């Protein structure tokens, strides 16, 4: 029997990219999934009996609570895992070219929404005395030289929240970890408009980006499925003593 058989997991950003790859893999191993996304449900999972979908904007005040209420309605009272995958990029803006809108939107999607979802699931996990949360960061969560200031700050903040939650609830059977993908080809970059990017800031990071781009040209690039494998490991019992970890998945890009 799979280690994920019948566990209940909430996956945000499940309509594409890492979220879709993770939901697909989890379902293949017997998990029951509530997928959440601002976009419509992925056609590839529409007919799966263990996949339920909720469309919604996680930055809206009531959405995080509605997510948990929907999960309980669909699958009963348990929530075994929360995978905070949904995220957006900024315009690679430096602090002196940053708009209020981009700052507030990045913080809302990448930091506030995951924290509010953790706030909603923690009481259920405390009652169960078990549960695993994994937050998806980025190379920019541990570096100042790979993205704009808003995205970088939001992902650094999420790593701090991850560590705090891990320490606070470690004696109650609840784990909280993070993974930091680097250079995964998903729709997150394509969703932003290149004409609005801060070209000067991007130029200062070009050598960092080029160092990683060479891996993909040699067939060594990181794929969404690679991230999914680690996420599913972290919500399984095989990782039961891994708590508060920040795990890079970038073929050593994070060492520079």
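In case you wondered, yes, glycine gets a Cβ from its N, Cα and C as well.
Note that the structure is predicted; figures quoted are calculated from it, not measured.
The feature active site, proton acceptor is assigned by Swiss-Prot to 151. Here Swiss-Prot flags 155 as active site, lowers pKa of active site Tyr. Residues annotated as NADP(+) binding site in Swiss-Prot: 11, 57, 119, 151, 155, 184.
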Expressed to the nearest Å, what is the distance separating residue 184 (NADP(+) binding site) and residue 151 (active site, proton acceptor) at their Cα atoms?
16
Around the residue listed as 'active site, proton acceptor', how many other CB atoms lie within 10 A of its CB?
28
Please report how many Å separate the Cα atom of residue 119 (NADP(+) binding site) from that of residue 151 (active site, proton acceptor), as a whole number.
22
According to DSSP, does the residue listed as 'active site, proton acceptor' fall in a helix, a strand, or coil?
helix
Please report how many Å separate the Cα atom of the residue listed as 'active site, proton acceptor' from that of residue 11 (NADP(+) binding site), as a whole number.
21
How big is the NADP(+) site in terms of the longest C-alpha to C-alpha distance among 11, 57, 119, 151, 155, 184, in angstrom?
28
Tell me, if you would, which residue among 119, 155 (recorded positions) has the fewest other CB atoms within 10 Å in the structure shown?
119
Give me the count of other Cβ atoms within 10 A of the Cβ belonging to residue 57 (NADP(+) binding site).
13
Can you name the residues of this chain that are 6 or more positions from residue 11 (NADP(+) binding site) yet have a C-beta less than 8 Å from its C-beta?
19, 22, 23, 26, 33, 34, 35, 36, 83, 85
Determine the Cβ neighbour count for residue 184 (NADP(+) binding site): the number of other Cβ atoms within 10 Å of its Cβ.
22
Between the residue listed as 'active site, lowers pKa of active site Tyr' and residue 57 (NADP(+) binding site), the C-alpha gap once rounded to whole angstrom:
19
